[in-house]
Amino acid sequence: MTDTGYTEELLPGTFDALSVRENGGNTESDTSSIRKSQNQDSKQEDVHRENLSVQTLEDHTEVTETREQSVSKDLFDLPRAPASLDVKGLQESDEDHYVKDLSDYKSMDPGKPGTVPTNVSEIFNSNQPTLDEPIQFTRVSSSSVLSESISEGDADLISHLEGKVEEGNNLTSKETPGTIESIVGDKTMSTIEGSSQNIGRISTGGRMTPDLSLMGGALETSSDFLNSTQTSNSPKITTPITEVDANDVYESPLNEILSSTDSFNKASTASADHSKHVSVHEVIPEEEPHPETTNEDPPIKTPVMVNNFFENQTPVSESRSPFRTISSPFSSLRKNVKSQHGTPDHSQRNSNSSTSSNDVKRKTGTKKKGVFSTFVQNIKRNSHSEKRISSGSGNGSGNNAFKISTPYNAKHVYHVGVDSKTGEYTGLPNEWEKLLTSSGISMKEQQQHPQAVMDIVKFYQDVTENSGEEKVFKTFKVGGGSGANIASTPSFRTPSTASVQKFETPQMQTDATFPNENNDTPYSSNLQGPLLTNDFSETVNNEKFIPTRPAPKPQGSSTVSRRVEIPSPINSLGHGTPKVQRSDTQSSSIFSFKKMPTLKSEQPLPPIPKAAEKPANLLPARAAPTPPKPAIPTTPEQSSIPAIPSGLAVEVKEESNTSNVQTRKAQEKKREERKRKNQQIQSKLTEICTTGDPSKLYKNLIKIGQGASGGVYTAYELGTNASVAIKQMNLEKQPKKELIVNEILVMKGSKHNNIVNFIDSYLFRGDLWVVMEYMEGGSLTDVVTHCILTEGQIGAVSRETLKGLQFLHSKGVIHRDIKSDNILLSMNGDIKLTDFGFCAQINEVNLKRTTMVGTPYWMAPEVVSRKEYGPKVDIWSLGIMIIEMIEGEPPYLNETPLRALYLIATNGTPKLKDPGNLSHKMAMFLNWCLMVDPEDRGTAADLLEDPFITEIAEENTSLAPLVKLARMKKLAESMEDDENDEDKYDEQS
C-alpha cells in the first residue's frame, strides 16, 4: 500500500463502494502489479467487512446504553411535548459528496449543539440542491435510516448478536402477503424511503415539522423531492416485502434501537425548547400545494403529533384555505381502520414506505418498530375519559342553555286533490274519510258527485259545531224599493234546524240605510246597539219585522283546497228570492235587493191586533238581531306564533312585555264595554218587562222541559184559566242578551192566529220569564205517528202553515225549520207555528227528532249545498212535511244523516213510495213545493191560491178528533212504558 492507498468512504445505503485516491505515485503497468492490486483489493474488502461489523457492534452498544438512560428519564417526563425540527434532507450531489460514516447520521437533534459531525455540516454547506421547504413530521429516528442502509448479509450477521426485545417494546403487526400493516404504540408513523443500493439517489420519505416560531411564508418544494414516486391524488405508499409465515414470530435485533434511539430522545427533549404546545383546537398552518406540473407530485405529509395526541393525516387535496383544524386523533384513526379493514382495529395501521424506482427491487427483509405500549394505553384511557367528561358536560350545558318546547296551537291545513284517473279525492282528513265511510256513501257515488260530497261534509261539520247554540231570528229584506242597500259583514253562520238550538245572525254594519215605505226618503238607524237608544217614537204603521240582511252569498267557485279548510264558517246561506249581489269590499258587502217577483205588491198585510199598538212605537228596522261578532277563522299564517327561546335578546322580551300590556289593556277595555252593555240591556229589559212575581200570577206550574239556560213550564193564568207556557231564562247564562231584547220587542209588535203569540214577560230576581201561548194538543208529530190523515186534513194543515209562513215572510223572517215537531195544535184543531226564534222555543222537546240525527231530512237542497237561500226554503220544508203526513216519516229517515244530506243534494225531488194514491191536484201542489230550483218553487202567497188549498183542504175542526186520538194513544204508550219499568224494577229487586 505504498503506491496506492484505499480509503473507505461509506455511502448511505451501500457498503461495497470504494473510492480510489491517488497519493501522487506512478502506477505500474505490468501484469504482476495488476494481479497484486487485485489480491490487495480482495483482502481490503475482507478487512472492510470486519471493520464494518466491529463498527456496527460498537454503535449498537453505544445506542443501547443511551437508550437505557433515556428510558429511565422518560419514565418521569411522560408525556412529552411534540418535537419540531428544522432538518434538511440528505441528497446525493453531482460531485459525489458522501457521508463518511454512519455514526455521523445518528444524531440530528438541533437541541444539542456540538454533537453534529463535521461531515454533515460539509454536506449542508455543499452546492447540491436542498429541500428549502420545511417538512411536517412527528419523530424521525436515525435508526430507521440505519436499518435501511444495512444489507441482507450484514443484517444476518447482526441478528446473531442481538437478544430478544423487551415485552413493552414488542411490535404488534398484521402481516399480509406483500405488505405489512402495522401501527406503532404511540400512534405515530414514519415514511421511510430508500433502496439497498444508494440512499442518496432517493428523496427523503419522512418530512419533519419545522419549529413554529421559525416558520415563515410558503416555501418552494425541491424538484428532487417532488420526483419521488407516488400518486398525486392519494399518495399512500406500501412497501412490497416478502411473505412472512403468520405462525413464525419474527424478532428483529434492531427493535430496541428502532424503538428508542438517541435521535428519538433528543427530538423529544428539543421539542420543549423549539416548539410551543399546540392544543387540540389550534390551527397549524399548512403549506399551500403547488399547481401540478410535469414530473411533480404533491408532497407526502407525515402524521402530526399535537399535545401528545397523534393524528394519521390522510392526503389532503388542493384547498383554498392554507389552514386546517387539528381534531381528535383517534376519530380519524378509527375512520381509517374501518375503511381499510372493515373492523375498528385500533392496534393496526399501514406502515408506508416508498420505492426508489421501478427497476430497483428492495432486498431488505421485513422490518418492525417497537413502541411503548403502556404509554399508548395510558393515552387511550385518558383520551376516552376526557371525551366522556366533555360529552357529559356538553349535554348538561345544552340542557341548561335552552329547552325546546312542544308545539302549541298547531293547525293542520289539508290540501285535497282529485285523482284524474279514478276521480277519487286524495288527501282528505281522517275525520272526513270516516264520515264518508260510516255514512254509507259509496265510492261510486263520491266519484259521480264529488262537489256535492264536499258540500254536505262541510255543512255537516258546521252544523255539528253550532249544535250548542240557541236559535235566533233569521231575517231577510222584503219588498219596498229596489234601491235599498244594506251593509252586512261578510261572514255568516250556517243555518240549522230546530233541533240545533243555536243560530247566529251576522252583525249589521253600524250605519245601515233602510227605505221608508211611507215615503222615498231613506232613514238611517244605528244597528250596532239595537234597541238600546231612546229613539223609539216613530210609528210602525204595519211595517215588516226586521228588514235586515239578505241571504248570505256562498263561496262560489272556490277551489277544492279552499273548501276543505277545517273549520271555517260557511259563507253561503241562501239562494233564490230575493236576489243578492255582493260587491267586493274589505269589511262589509253591499247588498242590493230587487222586488220579489212572486210577492203580490197590492196584497194587504194581515192586520196587527190592537193589543200590539202599545209597543208599536218601536222601530222594527232596529230590531235586527245583533249577536257578538263571530270569530274570524285565522289563516295558517296567523294561526300560531312559535315559542320564543329563553336565550334571545332583551329586545324581544321587551316587545313581548309591551304586547302583553297592550293585550291586557284591550281585555280590560272589552270587559268594561261588556259591563256597560249589560247595564244597558238590563235597563232596557226593565223598561219593556212587567214587574212582579210571575209565580203569583199563574198557577199549577208544571215543568215540561229543561234547556241550557232554564226550564219550560205549563201553567194557567189566574182569572182567565188560559193555558200558557212559561220559559224561564237565567240572564247571566245568556251569551246574547241583546237578541232576547230584540225578540221580545218583535213578538210584542206582532200577533197572528197561526203564530204562537207572546203574552207577557217578567224580570224577577235576575231571571227573565217569557209567557207565551200553549197548545195543549201537542205537536203534529204525535198525530202523524198515531193517525192516518186524509187529503182534506193534510190540506187544512198545509193551509194554516202557509198562513203563518206568509206572515213571517212578510215581516222578513225565515223560519228555517218547518217540520211536524214545530207545528202545534190545540184541542180544537187550531194550528200555530213555533220555534221561529229564541224565545219561542217552548214546546216539549222530542230528543230523537231534535238532535242532529233528525234534523237534515227537511232541509232544502240549497241549504245542504251551502248556496244562497231565501224564504222559499220554508216552502220546501212544507213539501217534505206533506210527505211526512202521507207516509208517516220524511224521506231518507232510515239513512244516516250524512247520506241523507247527500241524497237531498243529488236526487232532487224525493220520490213517494206509492205516488198513485195521490190525487192530481195534491200531486201538483206537492210538486210545486218540491221544485229543486228555488226560482220555480212557489211562494206562500201563491200556494194559498192553489186549487188543492182552495178546493180540497178541510176546516180546522176536522183535526180535533185526530188530536184527541193521538193524545189517548200517547197516554196509553206512556202508561205501558211505566208498567214495563215497574216490572223491570220488581225483577231487579
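Placement of Cβ uses the backbone N, Cα and C atoms for every residue, glycine included.
Residues annotated as region 'Disordered' in Swiss-Prot: 1-78 (among others).
If you look up Swiss-Prot, you'll see 24-41 (among others) marked as compositional bias 'Polar residues'.
According to Swiss-Prot, the compositional bias 'Basic and acidic residues' annotation covers 42-77 (among others).
Here Swiss-Prot flags 265-400 (among others) as region 'Disordered'.
The compositional bias 'Basic and acidic residues' annotation in Swiss-Prot covers 273-293 (among others).
Per Swiss-Prot, compositional bias 'Polar residues' is recorded for 309-342 (among others).
Taken from Swiss-Prot, the feature domain 'CRIB' applies to 404-417.
According to Swiss-Prot, the region 'Disordered' annotation covers 567-588 (among others).
If you look up Swiss-Prot, you'll see 620-681 (among others) marked as region 'Disordered'.
What Swiss-Prot records for 698-949 is domain 'Protein kinase'. Note on the domain 'Protein kinase' (698-949): its mean pLDDT in the predicted model is 85.
Summarising the annotation, Swiss-Prot assigns ATP binding site to I704, G705, Q706, G707, A708, S709, G710, G711, V712, K727 and lists sequence analysis as the type of evidence. Taking a C-beta cut-off of under 8 Å and a sequence gap of six or more, G710 (ATP binding site) has these contacts in its own chain: K727, Q728, M729, N730, K733, D767.
Marked as active site, proton acceptor by Swiss-Prot: D817.
Other Cβ atoms within 10 Å of the Cβ of D817 (active site, proton acceptor) number 27 in total over all chains. Scoring each of the binding-site residues (I704, V712) by how many neighbouring Cβ atoms lie within 10 Å, the top position goes to V712.
Between the CA atoms of V712 (ATP binding site) and D817 (active site, proton acceptor) there is a gap of 20 Å, rounded to the nearest whole number. Sequence-distant neighbours of Q706 (ATP binding site) (same chain, 6+ apart, CB under 8 A from its CB) are V712. Note on the domain 'CRIB' (404-417): DSSP counts are 0 helix, 1 strand, 13 coil. D817 (active site, proton acceptor) sits 21 Å from I704 (ATP binding site), counting Cα to Cα.
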